[in-house]
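What Swiss-Prot records for 1-55 is region 'Disordered'. What Swiss-Prot records for 29-38 is compositional bias 'Gly residues'. Swiss-Prot lists 73-140 with the feature domain 'BTB', giving sequence analysis as the kind of evidence. The repeat 'Kelch 1' annotation in Swiss-Prot covers 324-370. Among the features that Swiss-Prot reports, repeat 'Kelch 2' is placed at 372-418, with the record citing sequence analysis. Taken from Swiss-Prot, the feature repeat 'Kelch 3' applies to 419-465, supported by sequence analysis. The repeat 'Kelch 4' annotation in Swiss-Prot covers 467-512. The repeat 'Kelch 5' annotation in Swiss-Prot covers 514-559 and rests on sequence analysis. Taken from Swiss-Prot, the feature repeat 'Kelch 6' covers 560-606.
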């Protein structure tokens, strides 16, 4: 199969000074010229500047040794039951708190022993060590004492490190605790990130014990947000009632205060009347009954709705809700497969949908006009030029799409200006630089300008009206080169290359950058990732994925970047991971039903209501 998408494939001059005999040395004579009779040398520089890179580290090391031996120490810090010896000048240089203490008119400026209260002694020792060594380890066991101590001592760098550590620890079971911790210590950026995480993952957060233990004020802060990520307002009401019933005796007095932030007018009539209106706690509170009546009027009197607009009638607006990810074909258990499955980030579930009519590995996948196209590939025996098209409304594939002019596997596919482009790949004889595009109105493929380089296992992306061909292999070795197609000029031009050679990589456009992840270089599968800034024409690294992934799919779903499947050098993968640009971290977030190498991925909008759902091989409409 050619290159199938399978694993394995300075001195001074010599003149002498005459000062001893009464002579003189002038610039450019003895030292610079090497004496008389020889060829003249350029004059020596009159100044040599040197900056030692070792000096700061060596100096700190020696100062720390003095401290350890209690030499030249001029202050002792009494913290808890511990005495910490130090030098005022070092502490003052590192901490604004100590600088104010020792250089001002405070009593401590004249004391040799100073008592520091309201700070953990272990945290203080770690921070003093940092002042002398520039080294600290932040971990789960100490971050909750280090951060308040760093805030007190005004060690901003340590505050930032602690906040960064806590950002990386965020999950639905602890985000509320981290949020409260950030609020207590005025860590605004950490508070913002924790808020965003809570809003986005509210459906999981509401199941946590931390949620049930929230004070009423913090609960209100969360549920009043427009950015709360929920499938329906029913989830918010159910979350509030779970919180209330955790401690009914103490919390029922707050029901109306909380319920006014649930957007009751956005509930279905059935749920409003049958669940909310019939709840005994709601019915027993006059203010709650008024809120229910307000919602009923909103639903029953549509002509009056323009006059009834307010915070409770405003739909919540999480970023780009309603997208689902399809994983199409690929290589699994030694053979090409036809199976297709769909991932819903709202439920974190994978569901099987109708399979393709042909098995396809190395298939190119893209979405055009709300239809999912599967282009070319290899069925385990033959290279394919056939195309299939999937309609999510009927859960059916059709084969009435014109074939490409060449058989192609390991092909890059993307949509630009209403055309479907097929880029590179291999046809079983050679690696291709051919590019063609499909016009859905004419059901016809036509060739455009070829790339300057042959590329199989190429990744393609569309950004700012241009089509990018990224990496791949020329049939001999992996590439790091990148070229860009301008459809107005029908011309390819080179842009700056990636830092790493990659074939069978994943690629997607995210927040106006092109992300390139995984793939395979000359000798191994890759976990590394990088992104391209078209404004500066530069690539920069991001954190590596948790797994090596060649033949990986990459896609943006509901504003998040997902890496799907691939091959890690020893096994086909069914895991997926998601990238958070705020924390520059990848995290695993579930598994497909099938392991997939070289499968395609595509993103489509889900149906607008929940009356529709995909099942294994059928599409049903429910009357709810």
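Keep in mind that glycine also has a Cβ here, set from the backbone N, Cα and C atoms.
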Do the repeat 'Kelch 6' (560-606) and the repeat 'Kelch 1' (324-370) come together with 3 or more C-beta pairs under 8 Å, pairs six or more apart in sequence? yes
Using DSSP, how many residues in the repeat 'Kelch 2' (372-418) fall into helix, strand and coil? 0 helix, 23 strand, 24 coil
Count up the helix, strand and coil residues in the repeat 'Kelch 1' (324-370) according to DSSP, in that order. 0 helix, 25 strand, 22 coil
From the DSSP assignment alone, can you count helix, strand and coil residues within the domain 'BTB' (73-140)? 32 helix, 14 strand, 22 coil
